[in-house]
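Have a look at the structure below, then the notes.
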């Protein structure tokens, strides 16, 4: 406790001279080992090809365009590419992963599988999907999308049962009913294999409700069976509703292996694409920037729901998205958030990114990295810092040595001057 006055004095000095080192609302990185996944707001190729030299289209500083650390596609998102025919192969690797995408699948698109479907279910799917992606990218370096080969021994082909507007679901694939089967009360199987990745994120989906076809109602039932380990993953329809339901998806994390997709009723589904996860790393939280439209369009908060501590830091602007290129591209607030990618930062926390790792007037919550040491401000003008006293002790020693040197020099010159006057 005898050191507390010194701590108070040092903190008071820091505050007096204006060194606050507050957390800043940006995404950043510790070093050069980072990667960003995005959409048109970070798609340098889109700007070059479609809007030459007009970089106001983006929220990303153009200086980062040649970094080789960005995988972005205008009009797309990882979720959209994962499930639908509108595909872009998002691929990237880094110790520190940043996501700024998701806006290209929102309530504004109003997607639902059938005319009596429910877009709310798809927003739920989006949240569950990104939860798995964020959790896994906190412990994996590499993400890419891969095709999943499957073998179905019947003659029926995949059907575009689930579509809305320009979006057509192709993952999982729906295998149509065989021509010689009279109704949907039948068992169907297909083999699929996962190889080449450490782990995979694959969809397992069902219609959770009573599906009507030719005056009959059916309950969906889907399973994946790992033929190597004997583990089975399954979903059965549990709802009795006949309208307002849609395609409920769970996102399984599976190892490499040989699998059997099984349907006991309705149509067989089999995964055709997977998130490929490779190269395990030391746990490093991902950073997610809110991806939303201008208020004139309806957005959702599913990336925020998916981004939870301790595996994810969420960054957002406090104001409406208002772009300078158009209302949905080039917002100053989000450009400011992405500006942190221009420099290294030592510490990440719930409140934001700290630029320096020495001291701060704000105590970092859920800190990660080399973070400043500080405590809560208990009065309006006196932050009480609690940290290792060694730097202060060393500073005191240096100041003491400096004072001694100055005194010695003063005495030397005073004596020397006195001698000169004596001889003069």
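Note: Cβ is positioned from N, Cα and C throughout, glycine not excepted.
The C-beta environment of residue 40 (active site, nucleophile), restricted to residues of the same chain at least 6 apart in sequence and closer than 8 Å, consists of 46, 57, 58, 72, 73, 74, 75, 329. For the recorded site, residue 40 (active site, nucleophile), the DSSP three-state label reads helix. What Swiss-Prot lists as active site, nucleophile is 40.
Look at Swiss-Prot and you will find 326 (among others) tagged as active site, charge relay system, backed by sequence analysis. Packing around residue 326 (active site, charge relay system) is summarised by its Cβ count: 11 other Cβ atoms lie within 10 angstroms of its Cβ, all protein chains included.
The active site, charge relay system feature in Swiss-Prot is assigned to 329 (among others); the stated evidence is sequence analysis. Secondary structure at residue 329 (active site, charge relay system), taken from DSSP and collapsed to helix, strand or coil, is strand.
Among the features that Swiss-Prot reports, region 'Esterase domain 1' is placed at 7-127. Residues belonging to the region 'Esterase domain 1' (7-127) score a mean pLDDT of 90 in the model.
What Swiss-Prot records for 128-266 is region 'Receptor binding', and it gives sequence analysis as the kind of evidence.
Look at Swiss-Prot and you will find 267-379 tagged as region 'Esterase domain 2', backed by sequence analysis. Counted with DSSP, the region 'Esterase domain 2' (267-379) comes out as 16 helix, 36 strand, 61 coil.
The signal peptide annotation in Swiss-Prot covers 1-16.
Long-range contacts of the transmembrane segment (393-413) within the same chain, counting only residues at least 6 positions beyond its ends with a Cβ under 8 Å from a Cβ of the stretch, are absent. The transmembrane segment annotation in Swiss-Prot covers 393-413.
Of all Cβ atoms in the shown protein chains, 20 besides its own fall within 10 Å of the Cβ of residue 329 (active site, charge relay system).
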